[in-house]
Structures are given as structure tokens and as C-alpha cells.
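Report on the following structure.
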Amino acid sequence: MMRILLFVATNLAVVLVASITLSLFGFNGFMAANGVDLNLSSLLVFCAVFGFAGSLVSLFISKWMAKMSTGTQIISQPRTRHEQWLLQTVEELSREAGIKMPEVGIFPAYEANAFATGWNRNDALVAVSQGLLERFSPDEVRAVLAHEIGHVANGDMVTLALVQGVVNTFVMFFARIIGNFVDKVIFKNEEGQGIAYYVATIVAELVLGILASMIVMWFSRRREYRADEAGAQLAGTAAMIGALQRLRVEQGLPVHMPDTMKAFGINGGLKHGLAGLLMSHPPLEERIEALRRRG
């Protein structure tokens, strides 16, 4: 909770500085001279409220959404020795990482994957695919679990939700400024908000949204390296590298995990070129090389 409060306070300060900066550069006066009556401070607050609301609501219901979207079955009472081993392993890794035992589940998917989610590092969910359990060795599964525990211990779910809230805020803010500019300055509309405002705002939100997604995904890729490091510390560097190498062997298999969960899975799929800018995970080769350099 302290992380959320500090992050929100920081971004309120950013909003305030942005508003003051625009005012100092005479942006308000320029828009007013062209018939646009905008209160930038009020607009920023409005966008911040709605920008953060969506990402924070998604964060608080993330465990429920994950269970529903992936069909994850929570292990309350282990029925097999594999489930017993899974619970014991997660408990050991959680204790080493200094967090409370998360919920543990298995989701029905052929591809080898796993994810962690939850609004709090002490109230999380870690789940693995059936395919991962069936085809990976115990050491490889343990390394994957350590990676996911690393996400939880690092607070990545909260951090990414807050980063998403920030970019949502500024996408909404600048899209509405562009919409007003097009409507009032270019089309000279003097009565309310015309069709040009709505069209320009929608187009601007789409374009800015893509650019914002690149920022969020860049940040997500940085967090993957940190989770790999945490996994190496908990399970051993050799085991973590072995798990990533095994994932690389299976890289051609389709990833059926919902898009909302891919940022927190260990296997994010494969894209090249510009599409790689929208990937939540770095290439497996780069992750393996980073661990080798770390030693």
C-alpha cells in the first residue's frame, strides 16, 4: 500500500509540474486566443482520476480475472504428489524471498508457461500450466516458480499498474488538447465541441495509446530481467538458464495466455522488428545472455 501511495503522490507532483510548465510557456493564453477555454489543471486532474481508476481496479481484481481468463484451478488440498511438491516448492521459495505464501494453481494449457498476479506482494497468486508440469524437469519448474516469486517479491504487478495509470493519464490529457485544437483552431468551431473534436480525440488516443504501450512494454521487459535475477538467486543461475533454454526449444508453440496476463507470464511469445517494441518480454536469447554475464 505504501508503494501505491508514494507512486500516486509522485505522479500528482508530475501532473502539477506539467500544468505549471504549460502555463509558463503560455499555452493557456495561446489556446484562449484561439477560442479554446481550457483549464489545464482541471483537465489533468480529470484525466488522472480516470487514467488511474482503470489500472487500479484491474490490479485489485487481477487474481479473480486471472482465474477466470485462464481457467486456473487453485490447489487448496493437494490430491497428487505433484500438487504436494508444487505447494511445498512455492512455500520454500516464498519463505526465502521474504513474502507470504501465495495461492498456487494450475491452468489447462499445452504450452509451457506460468504467471504471477495480485495487488499485494503478500496476497498474490502463482500458477503454472499443465504443459509446464508435464514436460519440464523438477529443477526447471522450480526455476520458473522462482522467477514468478521474483515478480511478486519485486512488486511488479503494482508497479506496472501504476505505470499504466500514468500513461493513461497523459494519453487522455494530450488527446483532449489535440481534439480541442483541431476543433477550435483548425475547423474554427465556435459552438461547443463539434464532430472534429471527437474524431481528432479518438485518433489521437489511438496513436498516443500505441506509443504509450511501447513505454509500458519497455518497462515490462526491464522487470523481466529483474525477475530472472531473482529466480537465479532463489533457484540457482544454472537452473534459471536451463529453464529459459527449455522455453526457447518450445518457442514455436502458440501462447494461449490472455493478453492481460502475458506481461506476468514467463513465456511472452515471439515477435520481430517493430512488433518487438510491443512485447512484454525480452528475447529469450538476451535473457539467457544477461544471466550468463551475471555469473
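Placement of Cβ uses the backbone N, Cα and C atoms for every residue, glycine included.
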*Please state which member of GLU224, GLU250, GLU285 Swiss-Prot lists alongside HIS147, HIS151 for binding Zn(2+).*
GLU224
*GLU148 (active site) to GLU224 (Zn(2+) binding site): how many Å between their Cα atoms?*
10
*Do you know which of the recorded positions GLU148, GLU224 has the most other C-beta atoms within 10 angstroms of its C-beta?*
GLU148
